[in-house]
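Q: Quick one: the structure is below, and I'll ask about it shortly.
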Amino acid sequence: MLLKSFWFATIFAIAVQGCVSSGDSPIESEHDGRILELKSNRRPAVLDERFIETYLKTFGYLRNEQENVTSEESGEKQIPKEKLQNALITFQEFMGIPGTGKVDAQTSSLMMRKRCGNADIHPSTDILALWKKSVVTWNITHFSKTIKESDFREQLHQAFAAWEIVISMDFVEVDRADKADIVFSFEDSENDWQRDPTHLTIARASGPISSRVWISADEHWGINNELEQTGTDLFNVLVHEIGHVLGMRHSPDSGSMMHPLFERSMNQDRPVVTPDDVERLRNLYNVADPQQQSAENDPANLNETSLTKCIKSIQSATHAPDGRWLVFKDDKVWQTLNHTVMTKGIEIFQVLPSAPTYVNASATVGDLMILISDRQIFGYRQTKRNGQFEPAEGYPKELHSRVLFYPEAAFPLANGSIILLSDNVFATYDLENNAPTFLNDKNVYFPNLPEKLVSGIPQIPDSDNVYWMLTDSDIYEYDARIQQILNSESLTTFFTCDF
Ligand SMILES: [Zn+2]
């Protein structure tokens with residue numbers, strides 16, 4: 001089988017062996033001809049299977065250890081090779097190199113670079129917290145022995161300023177760590193702050209609402225570029241970690257400040273806060289645009305004026321393959337997870353490229369999300385790499401002419417079809433053949449459904465036993481097996497919305 005012959009066909013001690021503990025001298029990779037500085041004396045001499053597995057686990061590419069199989073030879077739990085290979089492909093795609101699933105020289109070179117300790121891939125259950133205030137305080141508990149305190153403060157001020165121009169937030173130093181929202185400290189590698197058995201981590205940070213930024217005290221830091229040839233640029237690392245403090249995650253764009261690898265090739269440009277970074281951060285905080293922001297220049301107004309209010313009524317809702325819900329109203333979409341609203345309402349096309357300006361009905365079957373706008377059916381799939389949505393092949397399509405009504409609601413069935421409804425009629429619609437297979441009276445086949453239904457979301461994806469059934473302002477638990485409503489509540493109490 002192809003997969004098995006691929007995996008670890010290459011053992012790649014490559015040019016690294018014997019060079020890594022030789023101090024600060026840069027070495028040239030045999031394979032891509034680029035100069036890569038290798039300075040850490042804890043850097044692995046050989047990337048063996050165990051290292052790669054550890055790396056993929058540490059940075060979020062590998063999960064779900066219960067699926068592991070027991071090795072016949074050693075009796076130890078092992079990750080199935082295909083799973084390991086898929087994780088490696090996800091890593092390669094994130095790093096922008098061909099997803100071969102093979103540990104080639106390019107892959108191993110990227111896997112040995114010093115980096116941020118935060119994960120690259122997050123489980124869908126990871127809820128993103130955000131600051132709910134516009135003045136955030138900070139304190140430094142442990143300074144570096146090799147960097148002057150005034151120099152470090154200056155670097156920190158500049159790094160905060162890089163984000164302050166993007167989002168209207170003020171960062172103020174306070175004199176006590178227990179009063180600070182963000183605590184910075186230089187830490188020795190002996191301390192457990194890295195949580196990284198690969199020892200490639202030289203800084204990491206936790207996000208809102210109580211943030212820590214750890215910086216390696218052992219690292220040879222470059223300040224104001226003067227040590228750029230021999231030290232890792234401290235300013236870039238601080239801007240990156242403050243990005244995490246604001247709630248940003250890693251970007252696969254190697255030109256972005258939020259790229260996880262700090263160690264760069266000599267011919268690579270310095271990272272910047274890219275327009276995509278700016279947009280991502282502004283979307284997180286729903287800051288409309290700089291003009292609007294300047295009109296609201298008083299940071300105290302931020303919460304009142306630039307944040308769209310929470311979900312009160314909806315036109316449609318469906319679940320994404322990764323478990324989040326997309327909730328539609330007018331031209332806006334909200335994303336929620338486990339009843340918690342994760343993002344403020346933003347225009348639908350910002351989340352779903354080439355989307356219609358409004359959604360009458362939506363449903364998700366397997367990994368295909370369907371939006372219906374008038375008589376157009378739009379299809380989307382979610383990328384595994386970063387959870388973003390992309391148009392599904394073959395869509396948009398025209399609704400089959402035998403469906404005479406304009407769908408106002410939809411919900412999926414376990415067999416892969418969806419139910420389209422309008423008033424008292426429904427159609428069972430086969431998405432693959434883009435045609436209805438059955439048309440009948442809703443009250444005969446789905447008695448006791450709430451009036452003015454807009455959406456149905458199965459409580460267990462791809463099952464049709466119990467659904468969340470939604471009207472424009474309420475949500476009902478509906479058991480399709482006994483055709484009864486079990487519970488109901490308003491959307492304002494169902495969704496947690498405290499911003
Ligand atoms: Zn990071």
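One-based numbering along the chain as shown.
Cβ atoms here come from the backbone N, Cα and C positions, even for glycine.
So TrEMBL has the following annotated:
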type     : residues                               : note
ACT_SITE : Glu241                                 : active site
BINDING  : Cys116, His240, His244, His250, Met258 : Zn(2+) binding site
BINDING  : Asp181                                 : Ca(2+) 2 binding site
BINDING  : Asp196, Glu219                         : Ca(2+) 3 binding site
BINDING  : Glu219                                 : Ca(2+) 1 binding site
DISULFID : Cys310-Cys497                          : disulfide bond
DOMAIN   : 127-287                                : domain 'Peptidase metallopeptidase'
MOD_RES  : Tyr395                                 : phosphotyrosine
SIGNAL   : 1-21                                   : signal peptide
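Could you place the listed features in the three-dimensional structure?
A: The Cβ neighbour count for Glu241 (active site), using a 10 Å radius over every protein chain in view, is 25.
A coil conformation is recorded for Met258 (Zn(2+) binding site) in the three-state DSSP classification, outside any helix or strand. Taking Cβ-Cβ distances under 8 Å and a sequence gap of 6 or more within the same chain, the neighbours of Met258 (Zn(2+) binding site) are His240, Gly243, Met248, Arg249, His250, Ser251, Asp277.
According to DSSP, Asp181 (Ca(2+) 2 binding site) sits in a coil region rather than a helix or strand.
Neighbour list (Asp196 (Ca(2+) 3 binding site), Cβ cut-off 8 Å, at least 6 residues apart, same chain): Thr58, Gly117, Arg204.
According to DSSP, Glu219 (Ca(2+) 3 binding site) is assigned to coil rather than to any helix or strand. Within the same chain, residues at least six positions away from Glu219 (Ca(2+) 3 binding site) with a Cβ under 8 Å of its Cβ are Lys114, Ile202, Gly231, Thr232.
Of all Cβ atoms in the shown protein chains, 16 besides its own fall within 10 Å of the Cβ of Cys310 (disulfide bond).
Long-range Cβ proximity for Tyr395 (phosphotyrosine), meaning a same-chain Cβ under 8 A and a gap of 6 or more residues, is found for Ile377, Phe378, Gly379, Tyr380.
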Q: For Cys116 (Zn(2+) binding site), which DSSP three-state class applies?
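A: Strand, per DSSP.
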Q: If we check Cα distances from Glu241 (active site), which of the recorded positions Cys116, Asp181, Cys310 wins as closest?
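A: Sorting the recorded positions by distance from Glu241 (active site), the top entry is Cys116.
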Q: Work out how many Å separate Asp181 (Ca(2+) 2 binding site) and His244 (Zn(2+) binding site) at their Cα atoms, rounded off.
A: 13
Q: Going through the recorded positions Cys116, Asp181, Asp196, Glu219, Met258, Tyr395 in sequence order, which have a CB under 6 Å from an atom of ligand 1?
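A: Close enough to ligand 1 are Cys116.
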Q: What three-state secondary structure does DSSP assign to His240 (Zn(2+) binding site)?
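A: Reduced to three states, the DSSP call for His240 (Zn(2+) binding site) is helix.
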Q: Using a Cβ cut-off under 8 Å and a sequence separation of 6 or more, which residues in the same chain sit near Cys116 (Zn(2+) binding site)?
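A: Cys116 (Zn(2+) binding site) has long-range Cβ partners Thr201, Ile202, Ala203, Arg204, Ala205, Val237, His240, Glu241, His244, His250, Pro260, Phe262.
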